[in-house]
Amino acid sequence: MKTNLMKTIREQQPIVLNVANHVTPQRVADGINYIGGSPMMMADPLEAADLTKIADAVVLNLGSTNPTAQALMLGAGETANRLHKPVVFDPVAVGATPLRRKRTQQLLERAPVTLIRGNAGEVAALAGVSWDQRGIDAGQGSVDPVTVAQTAAQKCQCIVVLSGPTDIITDGTTVYQVENNAPMLTTNVGMGDVLDGILGVAAGISTDLETITTATGILPVAAELATHQYPDAPFSFLAETYNQLARLDDQTLQQRLKIK
Amino acid sequence: MKTNLMKTIREQQPIVLNVANHVTPQRVADGINYIGGSPMMMADPLEAADLTKIADAVVLNLGSTNPTAQALMLGAGETANRLHKPVVFDPVAVGATPLRRKRTQQLLERAPVTLIRGNAGEVAALAGVSWDQRGIDAGQGSVDPVTVAQTAAQKCQCIVVLSGPTDIITDGTTVYQVENNAPMLTTNVGMGDVLDGILGVAAGISTDLETITTATGILPVAAELATHQYPDAPFSFLAETYNQLARLDDQTLQQRLKIK
Amino acid sequence: MKTNLMKTIREQQPIVLNVANHVTPQRVADGINYIGGSPMMMADPLEAADLTKIADAVVLNLGSTNPTAQALMLGAGETANRLHKPVVFDPVAVGATPLRRKRTQQLLERAPVTLIRGNAGEVAALAGVSWDQRGIDAGQGSVDPVTVAQTAAQKCQCIVVLSGPTDIITDGTTVYQVENNAPMLTTNVGMGDVLDGILGVAAGISTDLETITTATGILPVAAELATHQYPDAPFSFLAETYNQLARLDDQTLQQRLKIK
């Protein structure tokens, strides 16, 4: 694993450019800032290229898909590809509507991404595996999630982080699993988006699988610490998770990480 | 009253599709999620119909009215009508500008709604009663709020929830009043929008007046419990109100509800 | 200084109309509401003039610049000028892209503003002083920040509030400095936007330099009080800063203000 990730983040302070959804941008920007990155959020396709140039990584979120958001994603994604900067993509509810599938396909064709982060239902949709998704929730399927993640990684030729009670990180061949978890993360809307932002910060440093796996553990480790203090108060838990993100050091992260 | 509302919500987990404003969507999505519903927020009229099909109820908010928001409201509202799904509408500051009145009229003509939730000034504007509204605040008027709510319900042929220190729930004939209240709710922007979301969750189960009245009490009951702990710290109060929403059971709700 | 500012705000409850960015509008609206103002947020250029008419001050934020936001800023700004209402402008990351510079220039030409609030990098860009800005962060420069602020104020013919560890308030000639500060303010994204909102509330009462200087101290004074309680927990600090904003009276503000 990447044993000096937190220290490196705070030294390099990667700039992460976000095409966020319209629900959780504050939460995402705070998450990036709390661990030591520098968030930028944008809204005009006309400056997508200029802002991508000053970013260390780009995070694209399908949550509030519309023509402007799609133009933002394409503009930032294409520039990032040209400049060899990493792109994290969250295909929110991609299986829910034909429009989301079409726009995802267009993005992946025109601007290949470095890393896809989604729940089981979303990754299954990209893998072409049948899955019973429910709204924005993960839903249930009959195929092993590890196989789902590997299939999606091979199809999209990128790293896949399939998040859930156990997070699966794979480049299509090698597989790591992070078993840290806190059920109250799903009670607070947008913690998956915060994970995307954290992965963007990490990708701004390195996109090797060990760095991404370590980064995947940051949020659940902080959330486990918060759960100890607020076992049945989900908003207090959220507040304390942010406090812990700001405080987390490499020693604590490495000690608590449960990777297999 | 609906004595098993909380239990039913958590069993059925109604999916609530929101056309939110651009200020409070995080708070609304959290509110829906905390009580046990499943929020979806959308931004593209092209998928309004598809998303409405998988929703149990639709919540429309006039707060950030613009042409896209209006197309979203019409798209979701018309599909919901065709599929006989309930629609909750919040006519934010409808009396403040001619544009808001015009768009509200267009919505109510093309996609009749099941329930309108507004403050006294907003409901008075719909009822055609003169009222001194001030910005987004409720303002003051000379007519009895119960009459205002009944008049609006009859005009719009739907349930009206006029919220304030006392909430008034009426179908134009029968009137219930919920006397639970916490003044700090108005210190935090968007708690009316959270109430809309909760009413959407309830409407996804049933739109009978007793269910809606019980649901109207969920937020102020949670807020009263939070007030006991944080009587003069409005952000801590907000945090604790969310904690209480996640924890609230039917026994506590029924014991504390003050309905007349 | 304005020794009865908090009392006056709570008596007059100025209505502040915001063209916010898409990341922090909730935080800004809460900040305005907590100190006793009344926030309005808008999204449709067609109602910019009507909403400006009922506002006491207008706050424009360049953060999410796009054609709609620009039309909103121009619409509200021009109406405010015609009606002699104060306009606060936050040139977020104006030095980062040519698009932001062009739109800022267009705004300042067509709708002169009363007050500009920015960090050192943003104010330097307006002053035409070379500065090493980094993303949305302030960056570093070789010129004295007081000179930077004065130059910008003279160029733009308005009050400038250059915020940082020490805040500089100037009309181009007279200079005040507020030395209250809390480093955790920068850990939470959007606290500069909250400051803009507070300045909008104050400007709704008076735009004399003493009132603006006193208002500039409200947020850091509340944040200093919060820091005492939560020295190393930035989200708890944020929550307590809001609590303190709601509670702050003129006596505490005047006692704690460090102005030179």
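Each Cβ is built from the backbone N, Cα and C atoms, and glycine gets one as well.
TrEMBL lists B:Met41, B:Gly190 with the feature substrate binding site. Annotation note: B:Gly190 (substrate binding site) sits in a coil segment as assigned by DSSP.
Counting every protein chain shown, the Cβ of B:Arg117 (ATP binding site) has 30 other Cβ atoms within 10 Å. B:Arg117 (ATP binding site) falls within a strand when secondary structure is assigned with DSSP. TrEMBL lists B:Arg117, B:Ser163 with the feature ATP binding site.
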Query - Sequence-distant neighbours of B:Gly190 (substrate binding site) in its chain (C-beta under 8 A, six or more apart) - result: B:Val23, B:Thr24, B:Arg27, B:Val28
**Report entry** Residues that sit under 8 angstroms from B:Met41 (substrate binding site) by C-beta distance, when 6+ apart in the chain
**Finding:** B:Leu17, B:Asn18, B:Ala20, B:Pro25, B:Val28, B:Ala29
Query raised in the report: Of B:Arg117, B:Ser163, B:Gly190, listed here as binding-site residues, which sit with their C-beta under 8 angstroms from a C-beta of chain C?
Result: B:Gly190
Query raised in the report: In which DSSP state, out of helix, strand and coil, do we find B:Ser163 (ATP binding site)?
Result: coil
**Report entry** Interface-proximal binding-site residues, chain A, C-beta separation under 8 A, candidates B:Met41, B:Arg117, B:Ser163, B:Gly190
**Finding:** B:Met41
Query raised in the report: For B:Ser163 (ATP binding site), which residues in the same chain are close in space, meaning a Cβ under 8 Å from its Cβ, but six or more apart along the sequence?
Result: B:Arg117, B:Gly118, B:Asn119, B:Gly192, B:Leu195, B:Thr216
